[in-house]
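Taken from TrEMBL as is:
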- B:75-98: transmembrane segment (TRANSMEM)
- B:173-190: transmembrane segment (TRANSMEM)
- B:202-223: transmembrane segment (TRANSMEM)
- B:260-283: transmembrane segment (TRANSMEM)
- B:309-326: transmembrane segment (TRANSMEM)
- B:332-352: transmembrane segment (TRANSMEM)
């Protein structure tokens, strides 16, 4: 058994219960003195943090307001119009966009076309001619080039025009489209109409990322670019002047003529077949 | 004579090359393109092959994979390779026409070969095959294969003939109609049924059938059911309601979704079949004329007919011309009638795609053009043939 030196033995024996008690009393005393100061420090710290974050938000909002504010004004003086060029089954849809004079140079433009089922775009033609155009296109689905109109549905395309010049004002996008064959008419109509709605115009700028100040009905998500690698929030511009959809007509067959057409075709064919066979049989067999 | 022959071939090749160069210029500078859309389809399919994929990933590619494989240098070397290949096949077809005509002979060798040279210039200096090949259509490859088969049969080289025949049927189905005239020409002159059982016919049938089956099996292994459907079945069941010169076009368009569609298709097939059988039996002594008639009947009475189909019988026409008993005036008259029909048909096609002219008038004009183009000259040629 180890013997502690006397002095320690005496200290331990005499002061153990008293030390804890005294230490506890000392701690309690110091706590009561320092507690208010601690609380005060936390209050000050919290206030400083709150103040700083508020200031930051205010500064950010200021910047935001500087870049996003004009978006609201762009609503007022932007217009989109559509025209159809060429004739027959192979046409061109020419879209003219007049941007507001306040639009900044670093803006991205997106035109969303909702095509009816009576027309189609040839993705191979678009790919082959891509270097002759200043816009890119993204198709939302595969397009069957040969199916008739009544066996397919409409589709959506995203067109990204390239803006050149320091202050872009006028954009012109010409898209080649082709008509689908429609089913023959049961009521003797000889033409079918196809309506092309003007596209939706969407704008986005890198500098305005906080769109929560704007009406949520006008903000929508769409691919950022034609390669569809990411999605961005775009602002939909409700144009001041709403242009009516354009329409054009394709000829269709007349199903009320089915009996005379079938009868006539088969009769002519049989007559030709009999005449040729008769000659061959008579003279060469 | 040799010099004149060389001048003829060199000139025809040079003109075709110049057209290809002009076509390249027009494609780059003008809105209306010279190159046919089919050439772009072939090139896109060849591009898929170079990326290790199936050529049928290119929609509307409905040909043998062999064609896309042949055109892979379009991707590795230059886009113009395919057109050069087609114009070489075109000039080769002219050479084959010359050799067939020399073989068929019209008297002394010298005069027949002089006539042969003049007649083969009807193909070599003809603007229609020049335009078709320089625009990038692959019909000249078929023409070369069919004429090669005919040359080998005329020269009794049956092994080569059967290989070329098997290859041509693989590339496009229509030469299968020549099977009956070929079988009739190869039989020996004994009893009717027994005459079909001879070594030559058996050899021809087995080699041609073997080549066809081998190619089909190879491409089926590589590309599966899609190869069979797109290359063969689509064409057999095709009811194309677009871009169609056939007189059945409007009838098939109006009845496309109806219950009678299948029966009408069969009703349209029967006249074609009957005429082919009768023509085979009537004209089998002259194999070249028989093949020409077969192709003309097939094209005229088919449910689908596009502009390239005309080349199929046009390449055989120079071979049969020297044996016709038409006078020069009659021949020129028929030619003008055929050209007038062509002009009407192409005019209607232009209207169809570029303007809004009422369809019924277009149909009427189209069928009148079709009738003029095919039936009247066909009838006249039959009267004067053999």
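Using N, Cα and C of the backbone, Cβ positions are placed for all residues, glycine too.
Keep in mind that TrEMBL annotations are predicted by a computer and have not been checked by a curator.
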Seminar exercise, completed: Best-packed against the transmembrane segment (B:260-283), counting Cβ pairs under 8 Å over B:75-98, B:173-190, B:202-223, B:309-326, B:332-352, is stretch B:173-190
Exercise. Sequence-remote contacts (6 or more beyond its ends) of the transmembrane segment (B:173-190), Cβ cut-off under 8 Å?
Worked result: 145-146, 149, 153, 158, 165, 196, 198, 200-201, 204-205, 232, 235-236, 276-277, 280-281, 283-285, 287, 290-291, 294-295, 298, 312
For this session: Sort out the residues at least 6 away from either end of the transmembrane segment (B:202-223), same chain, that have Cβ-Cβ distances under 8 Å to it, and list them.
Result: 54-56, 64-66, 158-159, 161-163, 165-167, 169-170, 182-183, 186, 231
